[in-house]
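Engineer: Below you will find the structure I want to go over with you.
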Amino acid sequence: MTDVAKTLEELCTERGMRMTEQRRVIARILEDSEDHPDVEELYRRSVKVDAKISISTVYRTVKLFEDAGIIARHDFRDGRSRYETVPEEHHDHLIDLKTGTVIEFRSPEIEALQERIAREHGFRLVDHRLELYGVPLKKEDL
């Protein structure tokens, strides 16, 4: 999905987590994901690597990683919590409401506008999340 300076396994170890082989498998799958998988999809991918991994192990591991701040949970209005590694560089999301496709993008103009708005209201921005939802334009709308 994104370049990760340190592997999830390294981040977990730094935070004092015991890395079982099953956690390593789940961490590698998250790192290698080009999409934003939900727990059920992580489970499907995990059992292809290690058939002994249970769905409850995936749920517990995802919760552990999320609580440690090394993965981010997203709710893209499709009724599922979806996950990605916490990227080094901030990005926002554009979600296709018809297909569920998630497009990651960066916009210096949007980032600057958000900073300006926070300052105008007397705040220093420390974090934010922008998710845009839409449907593809029809050819006649272009």
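Cβ coordinates are placed from backbone N, Cα and C, and glycine is handled just like the others.
Fair warning: this is a prediction, and the values are worked out from it, not measured in the lab.
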Engineer: From His90, His93, grab the residue that Swiss-Prot records in the same Zn(2+) site as His36, Glu84, Glu104.
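Structural biologist: So, going by the record in Swiss-Prot, that would be His93.
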Engineer: According to Swiss-Prot, His90, Asp92, His128 bind Fe cation; identify which of Glu66, Glu109, Glu111 is listed for that same site.
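Structural biologist: It is Glu111, as the record lists it for that site.
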Engineer: Averaging the per-residue pLDDT over the region 'Dimerization' (88-142), what integer do you get?
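Structural biologist: Value for the region 'Dimerization' (88-142), mean pLDDT as a whole number: 89.
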Engineer: For the region 'Dimerization' (88-142), give the DSSP counts of helix residues, strand residues and coil residues.
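Structural biologist: So the counts come to 16 helix, 13 strand, 26 coil.
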Engineer: So which other residues, same chain and not among His90, Asp92, Glu111, His128, have a Cβ within 8 Å of the centroid of the Cβ atoms at the Fe cation site?
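Structural biologist: Once His90, Asp92, Glu111, His128 are set aside, the remaining close residues are His91, Arg106, Ser107, Ile110, Gln114, Arg129, Leu130.
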Engineer: Counting distance between Cα atoms, which of the binding-site residues His90, Asp92, Glu111, His128 is nearest Glu104 (Zn(2+) binding site)?
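Structural biologist: Checked the binding-site residues His90, Asp92, Glu111, His128; minimum Cα distance to Glu104 (Zn(2+) binding site) goes to Asp92.
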Engineer: Of the binding-site residues His36, Glu84, His93, which one sits closest to Glu111 (Fe cation binding site) when you measure Cα to Cα?
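Structural biologist: Its closest listed neighbour, by Cα, is His93.
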